[in-house]
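> Quick one: the structure is below, and I'll ask about it shortly.
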Amino acid sequence: MESILKNAIENNKKWTEFGQVASYIPELAKGNSEALGACIFDTNCNMILGGDYDTRFTIQSVSKVAILICALIDKGKKTVFSKVGMEPSTDPFNSLAKLETRESHKPLNPFINAGAIVCTSLASGDNGIEKFNRIHNMIKRMTNNDEIEVNHSVYRSEKLTGNTNRAIAYYLKGANIIEKDVEDVLDTYFKLCSIEMVVEDVAKMACVIANDGIAPWSNEQIIPKEVNGIVKAIMITCGLYDSSGEFSVNVGTPAKSGVGGCIMAVAPNNMGIAVVGPALDMHGNSIAGKKVLEELSQQLNLSMF
Ligand code: GLN
C-alpha cells in the first residue's frame, strides 16, 4: 500500500504545473503550487503518509462537511432541507445565479457557498461564537486532534475580500432563508473555512465517515448513522462542485474539495484519504489531487460503482 501511494504521488506530480493556486482570497496565493502530499487512514487505524504530507493548508470548503453534519444533528433533516436543496449544481461554487431564478430561492445544495452559509446559520448556538465552537468541536472530535485552530491571516483575508459571499448571504436574508444576523453568520463561515490542517487530520475525518460515523480509535459514534448516510450521498453528488459527475466516473467515492487544495475522499467501510495540492483546476479542485485519487481508486479498487 505504501508503494501504491508513493507511486500515485510521483506519477502525478507533473499535473501541479497545469493548475493555479487560488488568488481571489489574497492570502491563499501564498500556497506552494508544487506541493503534493497524501494520507490514507483505514478503519483499523493504519496510517500511510506520502509526498509533502506535512504541507499545512486551510480546509476551505472541506469545512462544509462538518457544517452539514452539525446542521443535520442540531435541526434535523426536514428543517435543513426546507432551507437548502439536495441537487447538484452546474454553476461555480460561489454563484448567485440560481438563487434568484429558483422559485423557493433555496440554494441548490449544502456544498455550494450559499448552501453552506445557510447550514452555518442552522448549527446550534445563540450567536456566531457559539456556532463556531459547536462546529469546531465536531472537527476536533472527527480529527482526534484538540489542537486544530484557525489560521488568522487567511481568516482576515477572507473576511476583507469575501464580498461575493456577503452578497449571497444578504440575498438569502432578504429571502428569509437566513434568519440570523448576516455578518455574524458570515464571520463564522469565514473562520470555519480558515481552519488549518495537515492531510492526516482530513484523512481521519474521512475515515469516521467511511466507518458509518464511528471513530475507529475509540469506537465512539460521533455522527448518527442516518446523518452520516445523507452526508455521503451529498458528497458523491455535489462534493466537487460542478465537476462532481466527472469525479464520480473517474474515482467513484464520496468526496469534498476545498480551494486550499485539499480533497477528502471516503471509501466506505474501508478508509479515508486526504490529498493536498494547492494548484487548482478551473473548477477550484486540486488538479494533481484529483489525478492521485484516480490512480488510487484504480489500484485499490475503491470505486463504489
Ligand atoms: N472560503 C471559500 C469561499 O467561500 C471556500 C470556497 C471553496 O473552497 N470552494 O469562497
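Glycine residues also receive a Cβ, built from the backbone N, Cα and C atoms like all the rest.
Take a look at what TrEMBL says about it:
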type: BINDING; residues: S61, N113, E158, N165, Y189, Y241, V259; note: substrate binding site
> So if I measure Cβ to Cβ from E158 (substrate binding site) and keep only same-chain residues at least 6 apart in sequence, which ones fall under 8 Å?
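Same-chain residues close to E158 (substrate binding site) (Cβ under 8 Å, separated by 6 or more) are I25, E27, F190, C193, S194.
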> Measuring Cβ to any atom of ligand 1 with a strict under-6 Å cutoff, which of the binding-site residues N113, Y189, Y241 qualify?
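Cβ < 6 Å from ligand 1, in sequence order: N113.
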> Compute all pairwise C-alpha distances among S61, N113, E158, N165, Y189, Y241, V259, the residues listed as binding substrate, and give the largest one in whole angstrom.
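Taking every pair among S61, N113, E158, N165, Y189, Y241, V259, the longest Cα gap is 20 Å.
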> List the residues of the same chain that sit at least 6 positions away from S61 (substrate binding site) in sequence and have their Cβ under 8 Å from its Cβ, in sequence order, or write 'none'.
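Residues satisfying the criterion: F93, F111, N113, A116, C193, K256, S257, G258, V259, G284.
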> List every residue in the same chain as N165 (substrate binding site), at least 6 positions away in sequence, whose Cβ is under 8 Å from its Cβ.
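In sequence order, the residues whose Cβ lies under 8 Å from that of N165 (substrate binding site) (at least 6 apart) are N94, N113, I117, L186, Y189, F190.
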> What does DSSP call V259 (substrate binding site) in the simple three-state scheme?
coil
> Over all shown protein chains, what is the count of other CB atoms within 10 A of the CB belonging to Y189 (substrate binding site)?
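The answer is 29.
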> For Y189 (substrate binding site), just give me the three-state DSSP call.
helix
> Of all the binding-site residues given, N113, V259, which residue's CB has the most CB neighbours within 10 A?
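The residue with the densest Cβ neighbourhood is V259.
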> Could you check what DSSP calls Y241 (substrate binding site) once collapsed to helix, strand or coil?
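Looking at the DSSP assignment, Y241 (substrate binding site) belongs to a helix.
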> For a quick check of packing: other C-beta atoms within 10 Å of the C-beta of Y241 (substrate binding site), how many?
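I count 26 other Cβ atoms within 10 Å of it.
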